[in-house]
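Report on one structure; see the data block that follows.
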Amino acid sequence: MTFRHCVAVDLGASSGRVMLARYDSKHRTLTLREIHRFVNCLQKTDGFDTWDIDSLEKDIRLGLKKVCNEGILIDSIGIDTWGVDYVLLDKQGQRVGLPVSYRDNRTTGIMPQALVQIGKSEIYRRSGIQFLPFNTIYQLRALTKQQPELTAQVAHALLMPDYFSYRLTGEMNWEYTNATTTQLVNINTDDWDDTLLAWTGAKKSWFGRPSHPGNVIGDWICPQGNRIPVVAVASHDTASAVIASPLANKHSAYLSSGTWSLMGFESKMPYTTDEALAANITNEGGAEGRYRVLKNIMGLWLLQRVLKERRITDLPALIAQTEALPACRFLINPNDDRFINPDDMRAEIQAVCRETDQPVPVSDAELARCIFDSLALLYADILHELANLRGEKFTQLHIVGGGCQNSLLNQLCADACGIRVIAGPVEASTLGNIGIQLMTLDELNNVDDFRQVVSANYDLTTYIPNPDSEIARHVAQFQPKRQTKELCA
């Protein structure tokens, strides 16, 4: 067969999309077409911040039906989403409780309990995962302690992409790359860790053994009656994004830039040393047995909240205004935990600047300048941490995802990091999703083969660092800004 048609369902923390890929195996050309795009946002339900997963499922099915109604024969479907969140089911497959978001405050104070009762080094030795207060391990502990009446009803716990695959196929799966984000998978066995799981109060019977990407979960029956395989892709969206990052060599780092920024490098071995623990490095699972050694950064969430609060719809115009402002007048630590989900992001940023005796950003452009400069400096700081960890400097940084369209931030990043930045592809999570599907269909050999296809089919933009830029002069001064209570601590 010359052509393959694969559908990627890519759900982010702020939006979702159903994308159709067409792959010409003879000429190795790959094109994407957006079929359906929809909003994903938090809603308050019974006092909890929750996801509207019924609406998301409706939009997923609508997008798939649109493809089928065009008369296109779909070869496979894959689903990727954000990490750590889950859905509980009873024996009949019906939901138990609410699909609570990681941004909900129910996990406040839970992580410190684990550090005392199990020990920080012991948790890290077992999982190799970064300490984030909303990791699934702490969410499950919050659930079993705060809502114990629900636990007796639970038969299964599915992470978000596995839940939507289940809704399409009726078959359950626990995909490995996303499972590792829970901080509950043992880094040595690739299976659920008995000690960590027992601490949460959840039962091991709720989970099946994690499976590596590339297996067929089951079939979705389209309106025309065709059975279409649903593939377990690298279902954590960052894992998919990294697959589509055209990394040139082992000296290339990546930055998946969106609501979250995830900066790291690929490795065939995990880093679980005392130094890695002190730097709060995470070793998330990747495709083909690779590890994604990285750090989570709050990312463009701060900007997204400001845009929403200020009702700003013309982002390019705002960026143009921002570029005209002087650099580094207002600096914050974007990973300060006070930015996780404040009532008013603008007011929170202003408060930090006021408390640290800086000028206070007032205009929308000043707020954006504060966010962009601070992110670029944080990127530089973390890249330096990662280089020290592996004992070798990086020569270039690949920025992928929606954030790579921000040329101002890309240049600031190059200047602050002092290395060449390669921006693109934009739809990295979608492409990585498609890549695993094509490998499962035996159209491609491996991840490296797929990256060659990405490089040949998608435009990449290079940014050269300017050592004389204003932001480059502030890199050494930024470290004190990070001495706050970080999200990733």
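A Cβ is built for glycine as well, from the same backbone N, Cα and C atoms used for every other residue.
For the ATP site, Swiss-Prot lists Ala13, Ser14, Ser15, Gly16, Arg17, Thr259, Gln304; matching the candidates Gly119, Gly128, Gly402 against that entry yields Gly402. Swiss-Prot annotates His236, Asp237, Thr238, Asn296 as substrate-binding residues; of Gly78, Gly83, Gly93, the candidate listed for that same site is Gly83. For Cys68, the partner cysteine in a disulfide bond according to Swiss-Prot, taken from Cys6, Cys41, Cys222, is Cys222. Candidate binding-site residues: Ser15, Gly83, Thr259. Nearest to Cys353 (disulfide bond) by Cα distance: Thr259. Take the CB of Thr259 (ATP binding site) and look out to 10 A: across all protein chains shown you find 21 other CB atoms. Checking each of the recorded positions Cys68, Asp237, Asn296, Cys370 against Gly16 (ATP binding site) by C-alpha distance, the shortest gap belongs to Asp237. Other than the site residues Gly83, His236, Asp237, Thr238, Asn296, same-chain residues with C-beta atoms no more than 8 angstroms from the centre of those residues' C-beta atoms, the substrate site, are Trp82, Asn178, Thr181, Ala239, Ser256, Trp260, Leu262, Glu284. Cβ environment of Thr238 (substrate binding site): Gly83, Ser256, Trp260, Leu262, Glu284, Arg292, Leu294, Ser429 lie under 8 Å away, each six or more residues apart in the same chain.
Candidate recorded positions: Cys68, Thr259, Gln304. Nearest to Cys417 (disulfide bond) by Cα distance: Thr259. Around the Cβ of Cys222 (disulfide bond), a 10 Å sphere holds 17 further Cβ atoms from the protein chains shown. The recorded positions shown are Cys68, Cys222, His236, Asp237, Cys413; of these, the one with its CA atom nearest the CA of Ser15 (ATP binding site) is Asp237.
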